[in-house]
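A.B. asks: Take a look at this one; I'll ask things after.
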Amino acid sequence: MILSILILFLFFLSILQSLYYFYVLPDQVAVHYNFKLEPDWISSKKLLIGSYLIVSIAIFVLFKFLTSFLFQRGRFKVPNKEYWFSEERKQKTIEKAIKYFEVFHLILLLFLLVLFQIIFMENLSNHQLSWFWVLWVVIAGYLVLVFIWSYFYSRAFRLEHSKQKQD
């Protein structure tokens with residue numbers, strides 16, 4: 001329940017962030033930078049913010065509705081699928097998998113929120129503040145969190161399976 005509320009909060013925060021920066025950003029913004037940290041792709045703020053909104057909405061819809069739909073039909077990867085989708089374990093397995101994917105959804109939405117915040121701030125500073133060192137920390141943190149999530153997701157099903165065999 002708390003994860004769902006946090007996901008909804010981050011989703012609405014991304015919409016509010018987009019609305020705020022739509023009125024604050026200049027009409028032309030840098031959307032890509034080269035290795036010298038110089039802007040090498042300039043676009044309209046409508047394209048940048050529109051892309052952000054489309055990606056945020058797509059991720060929200062994909063994770064909220066498609067994952068539940070697929071999990072109910074058992075169409076996702078877990079080790080020892082026959083064991084986990086036996087009648088006595090199926091509902092608990094689905095609930096557990098949905099919980100893990102809610103965590104992943106939260107991580108992804110938070111990453112996007114921070115990533116676009118850095119892009120917005122860099123554009124507002126006229127490329128003087130150089131927020132890019134923060135960008136690399138954010139990307140590294142995201143990758144570490146995804147690795148940790150992947151590890152625990154795969155272990156969650158194996159550990160319980162091993163315990164069940166011992167019983």
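Cβ coordinates come from backbone N, Cα and C, glycine included.
Fair warning: this is a prediction, and the values are worked out from it, not measured in the lab.
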A.B. asks: Transmembrane segment per TrEMBL sits at which of 3-25, 49-71?
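C.D. replies: Matching range for transmembrane segment: 49-71.
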A.B. asks: Run through the domain 'DUF1648' (10-46) and tell me, per DSSP, how many residues are helix, strand and coil.
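C.D. replies: DSSP composition of the domain 'DUF1648' (10-46): 17 helix, 12 strand, 8 coil.
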A.B. asks: By Cβ distance under 8 Å, which residues at least 6 away from the ends of the transmembrane segment (132-153) in the same chain are close to it?
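C.D. replies: Beyond its ends, the transmembrane segment (132-153) has Cβ neighbours at 33, 37, 100, 103-104, 107, 111, 114-115, 118, 122.
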A.B. asks: So what's the average pLDDT for the domain 'DUF1648' (10-46)?
C.D. replies: 90
A.B. asks: Six or more residues out from either end of the domain 'DUF1648' (10-46), which same-chain residues have a Cβ under 8 Å from its Cβ atoms?
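C.D. replies: For the domain 'DUF1648' (10-46), the sequence-distant neighbours (Cβ-Cβ under 8 Å, at least 6 residues beyond its ends) are 52-53, 56, 60, 106, 109-110, 112-113, 116-117, 119-120, 122-124, 127, 130, 132.
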